[in-house]
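Per TrEMBL, the feature domain 'Major facilitator superfamily (MFS) profile' maps to 87-520. The transmembrane segment feature in TrEMBL is assigned to 15-34, 83-113, 125-142, 154-172, 178-199, 211-232, 244-263, 369-391, 398-422, 428-454, 466-486, 492-513.
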Amino acid sequence: MSLSFLLTRKGNSSGSVLFFLFPVFVGAMGLVGVQGDGNEEMALSLGSKNKYKRMDSELSDDFEDDASHHHHQLGRKKSTRKYVLACAIFASLNNVLLGYDVGVMSGAIIFIQEDLKITEVQEEVLVGILSVISLLGSLAGGRTSDVIGRKWTMAFAAIVFQIGAAIMTLASSFEVLMIGRVLAGVGIGFGVMIAPVYIAEISPTVDRGSLTSFPEIFINLGILLGYVSNYAFSGLSVHTNWRVMLAVGILPSVFIGFALFIIPESPRWLAMQNRVEEARSVLLKTNENDKEVEERLSEIVAAAGISNGEKNEEKAVWRELLSPSPSLRRMLITGFGIQCFQQITGIDATVYYSPEIFHDAGIVNKSKLLAATVAVGVTKTALILIATFLVDRVGRKPLLYVSTIGMTVCLFTLSISLAILGKGQLGIAMALLCVCGNVAFFSVGMGPVCWIVTSEIFPLRLRAQASALGAVGNRVCSGFVAMSFLSLARTITVGGTFFLFSLFSALSVAFVYEHVPETKGKSLEQIELLFQNHNEWDGSEMELGDAQHLVHKA
């Protein structure tokens, strides 16, 4: 290891060569001494011995100092990565709440309908209202996080959700259940919007993609926990089981309270508040070397519009968003568009209404329906880990291509299967395969990369509120899909509905090609410059080729 270190260490190559040539040089001098008379040999030997002993001692000291410095750097690198990883995990806990709600409601709604005697329209409203209301939380979250900070916005989101979940658990009527649902939606809106922004702002450039995918990982984990909860508590009485299912969702938000004592505030938010020294302190904890800290801090301060400790005059954020410059318009199209495409391809309908899909395919028994949804949850959660490992290695766009093309194929096949095969063993097998395939391809790309791209592309002064605008598009589309699926399925059949989703998925492939740049390996400030020069990211054909290579490799 020491040899490798000396040979590769930049700026010390001459010292390294001299150190390894030294024994050869001493041997040569000893050989010359043998050829002279004894006095010359003795004089040379004594003189050279003292001289080279001192030289060898100095070089050995340098080597020990270098080895000690290298060991210190390795230790700092490990501790830094652990710290950033812990911050990303704790910041993502709010996203478990969204995932759990989506997963648990797919099964709980069966028993709520039986217990409270709600109509099909009320069922659609109950399921879809959370997504619609969460857009209010997302809109307010951008401004709130700019005022009180990213960290405390996450805390506020957890508190609001806990109140909503408690009301839902104790609800005795549809109206009270809706009140709790509205509060839970507001809390989820805050949490979903702020987590990717916070993680993107504290993460080192090299790991930002992987870490920013954590919120989507935790959404999937929440969905899986919701499915498991449905299956585990379905044996209780109809009046009790759905209440227990909803009550379990309070637990993740409790851990967020402990997380506040561990995670720091975003260094970029601190810079916006002219708290530059505090921002430097956070960067020292989240970056591996001091030089990178100073470079990143300079970029952040410049992006925040701070010069000599004073903020420059800027247009109001919303005024700038409503009358954007050409580069900001491109950012808004990319951020808002990819968020909408994530939902109009029907992923929430697939997750919320998977029992209805499998029932339409031929599964009648409730326990078997819930067991099939667990298989969907396991697939969705397991496959997102692939995106986490690959997003900073192969890039964002190749994963998006694989994801959108794969989803299109699965959705189209599912629509044909439900329309032609009917209810039977083959129809059930194909439905389960296509639904699992759809959520798998979603988890590989469109699920996590959507949030990564949205949290990366906007300038610092606009990032929170522009990201909130993207989250609003996501929640509106999610709510529209969730609140119209059953009615649409009754009108054009479940198969026809998924054929419609497959068309939207095909359009998303073209959108990724035209409007999403590759952001892998670039700092947040460099990505802002990327949108100012649109010609720099006309490499779509090459990236599509990368995606094809990735598929062949897999």
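Quick reminder: no glycine exception, Cβ is built from N, Cα and C everywhere.
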Within the domain 'Major facilitator superfamily (MFS) profile' (87-520) only, compute the mean pLDDT.
85
Comparing 178-199, 211-232, 244-263 for Cβ pairs under 8 Å with the transmembrane segment (428-454), the winner is 211-232
Hey, which of 178-199, 244-263, 369-391, 492-513 has the most Cβ-Cβ pairs under 8 Å against the transmembrane segment (211-232)?
369-391
Would you kindly list the residues that approach the transmembrane segment (244-263) from elsewhere in its chain, counting only those six or more residues past its ends and only Cβ-Cβ distances under 8 Å?
86-87, 90-91, 93-94, 96-97, 100-101, 104, 107-108, 151-152, 154-155, 158-159, 161-162, 165-166, 168-169, 222, 225-226, 229-230, 233, 236
Cβ under 8 Å, sequence separation of at least 6 from the ends of the transmembrane segment (83-113): give me the contacting residues as numbers and ranges.
123, 126-127, 130, 134, 154, 157-158, 161, 177, 184, 187-188, 190-192, 194-195, 198-199, 202-204, 207, 211-212, 214-227, 229-231, 234, 238, 241-242, 245-246, 248-249, 252-253, 255-256, 259, 262-264, 285-286, 348, 351-355, 366, 370, 373, 377
Which sequence-distant residues neighbour the transmembrane segment (492-513)? Criterion: at least 6 residues beyond either end, Cβ under 8 Å.
337-338, 341, 344-346, 349, 356-357, 360, 397, 400-401, 404-405, 407-408, 411-412, 414-419, 446, 485, 540, 544
